[in-house]
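These features come from Swiss-Prot:
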BINDING   12-18, 40-42, Arg304, 330-332, 412-414  GTP binding site
ACT_SITE  Asp13  active site, proton acceptor
BINDING   Asp13, Glu14, Gly15, Lys16, Asn38, Ala39, Gly40, His41, Thr128, Arg142, Gln223, Thr238, Arg302  IMP binding site
BINDING   Asp13, Gly40  Mg(2+) binding site
ACT_SITE  His41  active site, proton donor
BINDING   Thr298, Thr299, Thr300, Gly301, Arg302, Pro303, Arg304  substrate binding site
Amino acid sequence: MSSVVVVGTQWGDEGKGKITDFLSKKADVVARYQGGDNAGHTIVFNNETYKLHLIPSGIFYSDKKCVIGNGLVVNPKSLVKELKYLHDRGVSTDNLLISNRAHVILPYHQLQDQLEEEAKGDAKVGTTLKGIGPCYMDKAARIGIRMADLLDKETFAEKLKIVLEQKNRMFTKMYDAEAIAFDDIFEEYYAYGQEFAKYVCDTSVVVNDSLDKGEKVLFEGAQGVLLDLDHGTYPFVTSSNASAGGVASGVGVGPARIDHVVGVCKAYTSRVGDGPFPTELFDEIGHQIREVGREYGTTTGRPRRVGWFDSVVVRHSRRTSGLTDLSLNSIDVLTGIETLKICTSYEFNGKQIDEYPASFRDLEACVPVYEELPGWKEDITHIRKFEDLPINAQNYVKRIADLTGISLVTFSVGPGREQTVVLRDLYEEA
């Protein structure tokens, strides 16, 4: 058995898709375990760039099973659109598998998302308005509609009528919005379900059978630990468990079956949306990092907020996700910056703290404590060995590994797969 989890250690957008795609080469199964189409990942394959939101990165390898696990919430319309996007570019999806227990996002979830966000005013969380949160709410309230329901016309109709009655009461009475008609959803979304029905199965059985056979399984996370419902900067978080703990429940495997947990981070920090960000940069350096790093959301197109590397954040992720290995991306983006800074701790109420506060108000009051390191000017995008990096770049990477307490397994000096340098083979170690 050999299984590896890839998890973001910051606020998402760390380059997980790139690393997952890279690790997919040796995997037999690639499985997503949480989230929905609110998070995107960009993959460069055969010199072409693809942007995916739901389908796992391993889809480009026809010999690998690609699993959308039960922990995801799936928008059927988005899924059909993404399947067409791949088919139009000559990519087969015959290797895709979708859990029959995954919950389905329907138009009323998106409307609810929009109305709730508008009602919050200045206290809004900054949701992508994709209906993710409301769908997870229905799941917890036990009124959700799952893939197995969507594919059965009678069951889908029965459940949809019940849920719409509740939702429309809320829309009209609480928000003074228009009701959604049954006919506006039913036939269209039932038809979507029929388009991908051939992919739907009990994916927990598939993944566990693969592990029993000794096959290599890669679990692909979305977002990052700081957006995790329990361990993130609550309430500025997503509605699922983006930490490694989400794998067990989101795919249906026992936690003892996980061998490695790879934490992915950038050589700096970024986030989309509202919420505390202690090391955020508002100056010319921040602008440079954003433009050089193309820091714009894959899903929303929104400019990302950027800042210095925060070791407090990544240590928090190490503890809560049990990180065993570190994958460091986008080192090349920092080229040309004369002096680099790494946050080593926070100052809060006159005291130095090393752990991440639970209260977002406390976090907003934290002042980062920085350590400065000299930068480098040399172009490093062609580097393929750690020892070939400029000495200042080597020292910067080593300091990140030291401060986070995580052993480096890969680093990247550009967006291409060939620009990822592997220091150890995780599958051989498992």
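Quick reminder: no glycine exception, Cβ is built from N, Cα and C everywhere.
Counting every protein chain shown, the Cβ of Thr128 (IMP binding site) has 21 other Cβ atoms within 10 Å. Take Asp13, Glu14, Gly15, Lys16, Asn38, Ala39, Gly40, His41, Thr128, Arg142, Gln223, Thr238, Arg302, the residues named in the record as contacts for IMP: the widest Cα to Cα gap among them comes to 34 Å. Cβ contacts within 10 Å of Lys18 (GTP binding site), excluding its own Cβ and spanning all protein chains shown: 26.
Neighbours of Asp13 (active site, proton acceptor), defined as other CB atoms within 10 A of its CB across all chains, total 28. The Cβ of Pro303 (substrate binding site) has Arg290, Glu295, Tyr296, Gly297 as same-chain neighbours under 8 Å, each 6 or more residues away in sequence. Here His41 (active site, proton donor) is positioned 8 angstrom away from Lys18 (GTP binding site), judged by their C-alpha atoms. The two recorded residues, the residue listed as 'active site, proton donor' and Gly15 (GTP binding site), have Cα atoms 7 Å apart.
Checking each of the recorded positions (Gly12, Asp13, Gly301, Arg304) against Gln223 (IMP binding site), the C-alpha distance stays within 10 Å for Gly12, Asp13. Candidates Asp13, Arg304, Ile331, Val413 (recorded positions) were compared with Thr128 (IMP binding site); none lies inside 10 Å Cα-Cα.
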